[in-house]
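Under the heading domain 'G-protein coupled receptors family 1 profile', TrEMBL lists 41-289. Summarising the annotation, TrEMBL assigns transmembrane segment to 26-48, 60-78, 98-120, 140-162, 203-224, 236-259, 274-292.
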Amino acid sequence: MATRNRTEVTEFFLLGLSSWEEMQPVIFGIVLAMYLVALMGNALLVIVALSDPKLQTPMYFLLSQLSFIDMFLTTITVPQMLVHTLSVNRIISFNCCMIQLFCFMAVGSMEGHLLAAMAYDRYVAICDPLRYSAIISRGLCLRITLTSWVVVSLNSLLYSVLVTRLTFCGNQVTHFFCDITPLLKLSCTRPVVNEMLIFTEGVAVVVSPFFFILGSYARIAVAIARTHSVAALRKALSTCSSHILVVLLLYGSVIHMYLRPSSSYDLDQDRQVAMFYTVVTPMLNPLIYSLRNQEVKGALRRLFRKLCISRNFQPGPR
């Protein structure tokens, strides 16, 4: 292995999404539009889920938490990227980089845990509907959410601390934010401990929710197959299709980005996948849940009707 010069790194230079300077205004416009759509869509879902009386159920509590996570995830990375897109100075301090890494990993991991909790909710609703209200409650969902936050925060803290102990040979990060894969690429030596952590503890914390989701849907499939009912199949598909699509969007990109050795990283391709994961998926999630969910569409109509009525009854100027 060729030796590389070791330097005392106090800041990193983010290369951004693309090195083509003439494309920066186009990238800025497209990303800003998607970011605003993601924020407005998810904020609207949070407002509806928390305010509409007909959506005061554990499932919609979890959905509101998922929308909050999506807003948080995009805000961690996109505003900084937009500023850097139209700026020559794309520098981020070492400490801010580590904070961004911690927040991104914690929030990104939390999304998987929420999707696992939503899969369990769907499993009980379909396979044990008579005991649903006895098993699933808002209090249980709140405890699951808080416990998951503790687990993912500790996991992300461990990753961040190990990255701070690396010796870096350069400070040019081939990314638009501080992610773990491009930072590992800057290490002067192969980060064996970090890679082992990703494939052991990382799999347990990040990927285990995915296997839990698969197990939940396998049990649902078995229960439906035993009924031999087309109506039950249609009802299950209408109930679970939105959730399944969101799971595929999330884990398709996560597994591609992180669960492989650092020697096989393609940072240029990873930037595009990260853009899909951090901007496109949070933008699509509220659209998927609102367009394919009759209860959410009904709640949105009631909300807009209230807004229109309140506007019509506002006193005019005298």
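Note that Cβ sites are derived from N, Cα and C of the backbone, with glycine treated the same way.
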Residues of the parent chain within Cβ reach of the transmembrane segment (26-48), under 8 Å, 6 or more residues beyond its termini
17-18, 55, 63-64, 67-68, 70-71, 74-75, 78-79, 81-82, 85-86, 275, 279-280, 282-283, 285-287, 289-290, 296, 299-300, 303
Any chance the transmembrane segment (274-292) and the transmembrane segment (203-224) are in contact, meaning at least three CB pairs closer than 8 A with a sequence separation of 6+?
no
Same chain only, please: residues at least 6 beyond the ends of the transmembrane segment (236-259) with a C-beta under 8 Å from a C-beta of the stretch. Say none if there are none.
66, 108, 111-112, 115, 118-119, 122, 125-126, 180-181, 198-199, 202-203, 206-207, 210, 213, 217, 220, 224, 270, 273-274, 276-277, 281, 284-285, 288-289, 292-293
If we skip the immediate neighbours and take only residues 6+ beyond the ends of the transmembrane segment (60-78), which ones have a Cβ under 8 Å from one of its Cβ atoms?
31, 35, 38-39, 41-43, 45-46, 49-50, 100, 103-104, 107-108, 110-111, 114-115, 117-118, 121, 138, 141-142, 145, 176-177, 246, 278-279, 281-282, 285-286, 289, 295
Taking all residues of the domain 'G-protein coupled receptors family 1 profile' (41-289) together, what is their mean pLDDT?
87
